[in-house]
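Comments concern the structure below.
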Amino acid sequence: MSLKPYLAIISDSFRAALSSRVLWVAIVAIWLLLALLMPFGYREDFTTDFRWQDFYNGTRMKAMLARGLVDPDGADTALGRIAVSLPEDLKRELQFVGEGDEVRIAYSVLVDALNGLLDDTSWYDADAWKAAIRLKELRELDALSDEELSASLKRRRSRLRIEAAMPGVFQARSQRAILLTYAGMDFPTGWAVDKPQFERLINQFVLPLMINWLLGFILVFLGILVTASIIPDMLQPGSLHLLLSKPISRTILLLAKFIGGCAFVLVCVTQLVLGLYLIAGLRLDIWNARLLLCIPVSVFLFSVFYSVSVLAGLRWRSPILAIGVTVIFGGICLLVGFIGALFDGLVKNPDQVRQLTVVGDDVFATTRGGGLIRFDDAQSKWIEIFESGPANADRVIAPIRLDDDHLITARIRNGRFNPFGSGAPELNVLSRTSDWVPEPSMRLPTATTNLFRAGEGSVLALNTGELSMTSRDNIIETATKEAAKVADNDAGETNWLSKLNSMIGTQTQGFHEILPERVSLSQPRSLVVADDGRVIYAVTGSRLMRLQPPSNDQESSRWTVTADFTLEGDQSSQAHLAISGERLLVTRSEQPAVIFDANTLNVIEKIECPSGAEAMSVIGLNPDQQTARFLAVLTDGRIRELTSNGESAKWGEFIGPREAECVYFDSAKNRIYVAHHIDRVDLLSSDTLERQSTKNPSLSGWRRLDQWLITPLRTVIPQTGELGETVASMISGKTAVEINDGANENQVIRYKILRPVLSCSIFVLVMLTISCLYFTTSDF
């Protein structure tokens, strides 16, 4: 069979598309858009100016500056010298704060005031800053004279001095920032990210967004307008009879016309994608060849809608009706996708497990909806302790086990939108004897974000920058009605200094601070405690520390740093820590996993994460065995084991279920708990890593509706919008993206890559099959 007639038909369809004025309007619009984007560029400079996004805890900063003004003992401190150098209007507001009044100060006012101190350094005094926590970069800059520093480096040094005076207030930022330019002119603000982060932002967010809108909506709509007339024109008596007079197959004739129509989009998409690729490479130094894969994906997306247009054109022989039916189909896809997203956000996501804790045989979990739940084996369902829901503004601190009969946690009011809530949260004790009903106990330090168990007898509370300790006995004893009343009465009798201390986040009654005097755990930070509670490993920024209590073992004494290490990579990257025997595992974004000697923090080995994914959480197994074992939950939802015998480390095969959310190791019973598929929990043996049992909760009415109606609809009707996630995955080279949503809690968004491709492929095949059958069996 000769292909020449069919190639001629494809060429004829292509010429018909080229004759459309809409096509040329689209081509001109593409070139105008590329011309507008071409002047974009960038340049690197040091991160100097403050932005409101740099404030990790604005309440703490406001209180610290107020204390620097009103506290007579703080006049000659670094904080006091900064406070007195602020504008007079702001100082008056801070004076009211220091007197105990509730005063709202806009972040923009604080930003302008701090930026005004960057050039005028009369507030700086070397003696006042000796007691401040100075990073290595600041110590190096302080060692240089003003003549050796450029204007940008002087501003950078001023910023670091301000940050050193107020620990626990600012987010860690990259040393260098990207400044966008247009036609050589700087944009008003820069991106406080370094070059690798800038590339990730462009590849993961900016380029996929542009592709989705330009190719996934505008060009598809224009393509349907241009190609809708191809099939009706073919069915005209003269044209169709002329074509069928030749020895050609009707089926292949129709497919040739279909391919010819898709060629229109190929022309437009190729120009746009190649233009974006060259602009990103020439102007932003981002040569991402994966961007070119958007060309076939965009043509494939158009083919979904065009297959509907072809069938409608065959049935009614009208371009207008073909366009109308295709638009209605697009609306149905959009509606089903919207309803599906609504069910994801309001029904499934609030039930998704975030952290697990096991007390005896009872399994507890926190949810993305801000709730605390317990699994009831008798009823085979989760029982709510703290309510979970999409509109719930509270956040529950991940609970920890005190003993086989007690669990502690805290609920942060409005903590989902403000990780620090309002004031000092109340610690809640849940006991088996009271059927796990929360009972109030002592007040936690203000802005507490995490709790940690330190051995059998102590508990740690981490807030904005400090780590405080209390004993198990204090918690249990305070969890009575009389103690709670006393605590409430004491809390009401405050003076201006105690109120400022509360806003700053200093220790509360029953807690004592354990960090060394010049150490602060600022964001981003991570922490893990050895099983015996005698060693703490912490990462703040790029600094990894090993802390131990003093040899005199006094309860109120501060711990000391016995070893430290500077991690590679961007200091604003979140780290994940796990301890197993004499080995410490540290994972960070865009960096290989590093295994350290737990005693000296000497690097033993580095190993890349498998499958191009990154670890979103890690735990340690086998604390008393020679071979260290770790489990890592990867961003693609799979779990892998990492083993290290002191000489080499290797990743094992995938274990456990897919779509894993978190893991928990119960060392007492040698079991691993894996939360997956929203709220299911599998129990694995830590020796064999094989599943022993499953906790499969019964579904609520809305979850059943989603399972039996919404999910089948999303399967049958092609989810063209989800192809945008396929595009984002191809451009970024990632299967998921991890977003920090405050208080050390990261949300992982996993891309749907294969599901939309399979759904759309099956739909196109079905539609083309129906069209071919109709065309071959009908008499035109």
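Glycine too: its Cβ is placed from the backbone N, Cα and C atoms.
Annotated transmembrane segment per TrEMBL: 22-42, 205-231, 251-279, 291-314, 320-343, 757-776, in sequence order.
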Cβ contacts the transmembrane segment (757-776)/the transmembrane segment (291-314), at least three under 8 Å, sequence gap 6 or more: yes
Interface check, the transmembrane segment (291-314) with the transmembrane segment (205-231), three or more C-beta pairs under 8 A: yes
Cβ pairs under 8 Å between the transmembrane segment (22-42) and the transmembrane segment (251-279), at least three: yes
Sequence-remote partners of the transmembrane segment (320-343) [C-beta within less than 8 Å, at least six residues beyond its ends]: 224-225, 228, 231-232, 305-306, 308-310, 312-313, 702, 705-706, 710-711, 713-714, 717-722
